[in-house]
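What TrEMBL annotates here:
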ACT_SITE  C91  active site, acyl-thioester intermediate
ACT_SITE  H351  active site, proton acceptor
ACT_SITE  C381  active site, proton acceptor
DOMAIN    7-264  domain 'Thiolase N-terminal'
DOMAIN    273-393  domain 'Thiolase C-terminal'
Amino acid sequence: MTNEDPIVIVAAARTPLGRFQGALAPVPAPALGALALREVLQRAGIDAARVDEGFMGCVLPAGTGQAPARQAMRAAGVPDAAGATTVNKVCGSGMKAVMLAHDVLRAGSADVVLAGGMESMSNAPYLLAKARGGYRYGHDRLYDHAALDGLEDAYEAGRPMGDFGEAAAQAYGFDRVQQDAYAMRTLQRARDAVQGNVFAQEIVPVPVPGKGGDTLVAQDEIPLRVSPDRIPSLRPAFRADGTITAASASANADGAAALLLTRRSLAVRDGLPILAEIRAHATHSQEPAWYTTAPIPAIRKVLDRAGWQVGDVDLFEINEAFAVVAMAAAQDLGIAADRLNVHGGACALGHPIGATGARLLVTLIHALRQRGLTRGVAALCIGGGEATAMALELSGG
C-alpha cells in the first residue's frame, strides 16, 4: 500500500460523559465501549463481519474481567473471528488505539479496523496489594486503582498529576486568575454546546438500568452541574498555596468513544461515508515530571509530518488534563483561543482517561464539519512524560 491510498475514518461516535459516581456509574467500561462500537458500525452502514481487528483503550481494567476490548467487540456484535487488543497508554490510550489501527491498515494487515477507548472510573476498585501473600497481623494500605494506576506518578510514588501541573503553572507564570479565566471559558463553551445540542450528532445515548427500568442518558453530565460563579472561590486542589482548583483540573468521568477506519480505496469502492483522512500521527517522550509540556513537541512533530504550519490548522483539541496544559501549548505554539477546544474541554466535560484520546478525535471531526472547516489537530499529555498527536483532514480538503 502506498501513500496514494491513505487511511480514512468513516464513522465516529461517543457516549455522553458521566460524572464520577454519576449517571453512568452502573454501566461497566466494556458495555460503554460496546455502545460506541455498535454505533459506528451502524453509521458506516457496514456489516460487522467485515471487521478484521479492534483496538480499545482502557487504563483501569482491574475488575472489568478478562480482555475488556474483546468483551466490548463481542457485545457490539462483532464476530469472534475479529481480534481485539486492549491498549493502556494512560491518557493517550484512546488515541494510541487509533494510531495502531492506522498502522495496521497502512501495513496491509487488515482492511477494516475499529478503534477507540472506554473507561468507567466510577467502577475502578480498591486494591489490597499484600492479600495474595497473606496478612498475618496488623494494618496495611488499601490502594485506589484509579489513583495508583491512572492519576499518580510512578517515579515519585504518590505524587498526583496535579502537583506537576502546579510546577508547570509556576514555570509559565500562569497565576490563579489566568487559570480561573480559562476554566470559566471552557466551562461556558461546554455549557453552550450541551444546551445547544451541539454534541447530539456525535453522541450515542446510554441506557442505564434501574429499578424502574432503563433511563436513557443522552447529554454530558458535568457542565450543567457546575456553576461558573463558584470558580473564583474554590480552594486549591493540590497545594495549600496552589493555583489549580477543581475547575482548572479535569474531572474523573465515565464514557467511551469509537471510530471505524479503512483505506480510502476500499471506502470509495464500497460507498462508505468518508469523514476524515488521517494525515499524520506522532508521539513525543520526555522527562516524566514535565508530561504537561509534552504535547507541544508532539504537535510540532505531527505538523511537520503533515506538511502543515500552525496557521494551516482550523481547530485544535488539546486535552485539558489541567488548564495549564492547554494554556502552555497555546502560548508556545501561537494557537488563538477561538481555534482551541471550541466546545470546551476536559476541565468542563470530564476525562475518562482511557477514552479521552478517541473522544477528542470524535469531537474534532464533528466540530470541523459543523463549521465547514477542513483541518484539525488533536493532542494529549500522558503521565510518564509522553504525548500523542494526530492530524486530520476532512474529506474534500
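Cβ coordinates come from backbone N, Cα and C, glycine included.
Everything TrEMBL records as a feature, shown here on the structure.
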residue	record	Cβ neighbours (10 Å)
C91	active site, acyl-thioester intermediate	33
H351	active site, proton acceptor	29
C381	active site, proton acceptor	35
What whole-number Å value do you get for the CA-CA distance of C91 (active site, acyl-thioester intermediate) and H351 (active site, proton acceptor)?
9
Could you measure between C381 (active site, proton acceptor) and H351 (active site, proton acceptor) for me? Cα positions, answer in whole angstrom.
12
Average model confidence [pLDDT] within the domain 'Thiolase N-terminal' (7-264):
97
